[in-house]
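S.K.: For reference, Swiss-Prot lists these features for the protein:
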type    : residues                                               : note
MOD_RES : MET1                                                   : N-acetylmethionine
BINDING : GLY22, LYS23, GLY24, GLY25, VAL26, GLY27, LYS28, SER29 : ATP binding site
BINDING : CYS196, CYS199                                         : [4Fe-4S] cluster binding site
Amino acid sequence: MEAAAEPGNLAGVRHIVLVLSGKGGVGKSTISTELALALRHAGKKVGILDVDLCGPSIPRMLRAQGRAVHQGDSGWVPVFVDREQSISLMSVGFLLEQPDEAVVWRGPKKNALIKQFVSDVAWGQLDYLLVDTPPGTSDEHMAVVDALRPHSPLGALVVTTPQAVSVGDVRRELTFCRKVGLRVIGLVENMSGFVCPHCSECTNVFSKGGGEELARHAGVPFLGSVPLDPELTRSLEDGRDFIQDFPDSPAFPALSSIAQKILSETPAGLS
């Protein structure tokens, strides 16, 4: 029988959600960032653990590039990205000398850092910890799941786009979740059509409905479709709070709905 893990620095974290994608370029880190912002505006304290070691993009999305982490009494202190200290972030991007520096590490070194991130970051009290993972399935994913398993993560949020090739990759991601015993909270389809800002007509730039159909066939919840949205892209490039600044944009209701569905999965958060 496996021994229970010491809660350590995750003792104050109520719910852990992994964000996965079958391939790169589907907007996984975008969904992680916007979900964190939406949860924050719902009154929750949120942490983001960016373990996409070779592509740590979240510091830029949250305008936190160049910030430094430091060692506290209980471990690494994450970077707070807002004045209220309601969103904290830990990323390998904070450990690089230059933002565009390549991480050229072999598997064992990556896995060791992932385990250190899980055990040694002093998160304090959080309602949600979102874990932004690399694309695909690899040793790094196994390291993340193994390190978090003793802490009973809520499950995985899987991100795809409508194209058949992306949907095929997500099938493998869902198989991975089943094999490692990781519950799938739901599937999100990103980049699902472009809504004209003038007439509000939606044009399906890629194929249509692949994510929803896959969710139905796989027997997992479909949490929603997020359209292509220039204002969302602009907010990420500028490090702005999309949920606060663009409530009338096409992507806003979709992202808010996904956050509400995550909230409905869990009991009331911290006061």
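Note that Cβ sites are derived from N, Cα and C of the backbone, with glycine treated the same way.
Quick one: how deep are these features, and who are their neighbours?
M.R.: Same-chain residues at least 6 positions away in sequence with a Cβ under 8 Å from that of SER29 (ATP binding site) are, in sequence order, VAL19, ASP50, ASP52, GLY55, SER57, ILE58, MET61, ASP132.
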S.K.: So what sits near GLY24 (ATP binding site) in its own chain, CB-to-CB under 8 Å and at least six residues off in sequence?
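M.R.: For GLY24 (ATP binding site), the qualifying residues are GLY55, PRO135, GLY136.
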S.K.: Within a 10 Å radius of its Cβ, which of these binding-site residues (GLY25, GLY27) has the fewest neighbouring Cβ atoms?
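M.R.: Sparsest of the binding-site residues GLY25, GLY27 by Cβ contacts within 10 Å: GLY25.
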S.K.: Among the binding-site residues listed here, GLY22, LYS23, VAL26, LYS28, whose Cβ has the fewest other Cβ atoms inside 10 Å?
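M.R.: Candidates: the binding-site residues GLY22, LYS23, VAL26, LYS28. Fewest Cβ atoms within 10 Å: LYS23.
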